[in-house]
Structure formats: structure tokens, C-alpha cells
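Peer 1: My structure is below; once you've seen it, I'll send some questions.
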Amino acid sequence: MKFTTPISLISLFVSSALAAPTPENEARDAIPVSVSYDPRYDNAGTSMNDVSCSNGVNGLVTKWPTFGSVPGFARIGGAPTIPGWNSPNCGKCYKLQYEQNTIYVTAIDAAPGGFNIATSAMDQLTNGMAVELGRVQATYEEADPSHCASGV
């Protein structure tokens, strides 16, 4: 009996270690964020040269020359994850959730204070109340690019 107790304990520790969550399989928590709108993102003809994600290695202008060429237009805007020009986060897809509404937005510009998205996207997020609300507290997390249809 004395010999089986240490073996049982070793077996318990090994199985516990194998069942422990790893960073790869842990669920990411949504991050609180302020979301506002800017009608300039609703203009399909605006050149991508007018935003932080214009050119450079991570630029989007060669892929999408205008806002309207971004798949999922007008669910686009600035993101707090883009500090400025040529960010590696240019073109990433983000899930925004406000109350029971969820939208997916392609990041094309810098927005240090939170997400700043097209008015029509904000209307989708807030049930048509973008102008009335102006700014809302929501949550965000990076999403699979297929949700934004960006292919990034």
C-alpha cells in the first residue's frame, strides 16, 4: 500500500498538468472600449491615402484604394490598436459588442481614445441611435478576418 500511494499522487499530478488550460486555448476576455462615430468613414469614395493605414509595408491603399473597396464597407473605422501610420494592425477585424448587438469592423485608421467608426456601422451597433447617443461604452476583441470579409 505504501508503494501505490506515491504512484497515485504522481498520476494525479500528471493528469492535472495535462488538463491545465494553456494560453492558446484560453478564451480571451472582451476589452471595454469607448465607441464613437465619424461620418467621413461612410463616404465610399474617400481615398485610403487619407488614413493612417494608407501606405507602407502594412498599408492598405494597394489592396483597397478607397473606403468603398473594403469588403464589408461601411463597417470600417479607427481602432485604438492602431497607434499611427503603417501599423501591423491595419486591416484587422474586430468584434464590437454593445448591449445585445454585435458588429465586425475592419480597422483602417488610428483612434487613440477608442473605436471611431462609420455612422452607419454605429447605427447597426446601437439600433439606429448613433447620432442620439454619440458615444457608447462597448467591448471589443480581435476577430477572425472572415467576419469582416477582409481576407487579412
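Quick reminder: no glycine exception, Cβ is built from N, Cα and C everywhere.
Pasting the relevant annotations from Swiss-Prot:
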{"type": "DISULFID", "residues": "C53-C90", "note": "disulfide bond"}
{"type": "DISULFID", "residues": "C93-C148", "note": "disulfide bond"}
{"type": "SIGNAL", "residues": "1-19", "note": "signal peptide"}
Peer 1: Return the residues near C148 (disulfide bond), defined as same-chain residues 6+ apart in sequence whose C-beta is under 8 angstroms from its C-beta, sorted by sequence, else 'none'.
Peer 2: P71, G72, R75, C93, Y104, V105, T106
Peer 1: Determine the most Cβ-crowded residue among the disulfide-bonded residues C53, C90, C93, using a 10 Å radius around each Cβ and all protein chains in the structure.
Peer 2: C53
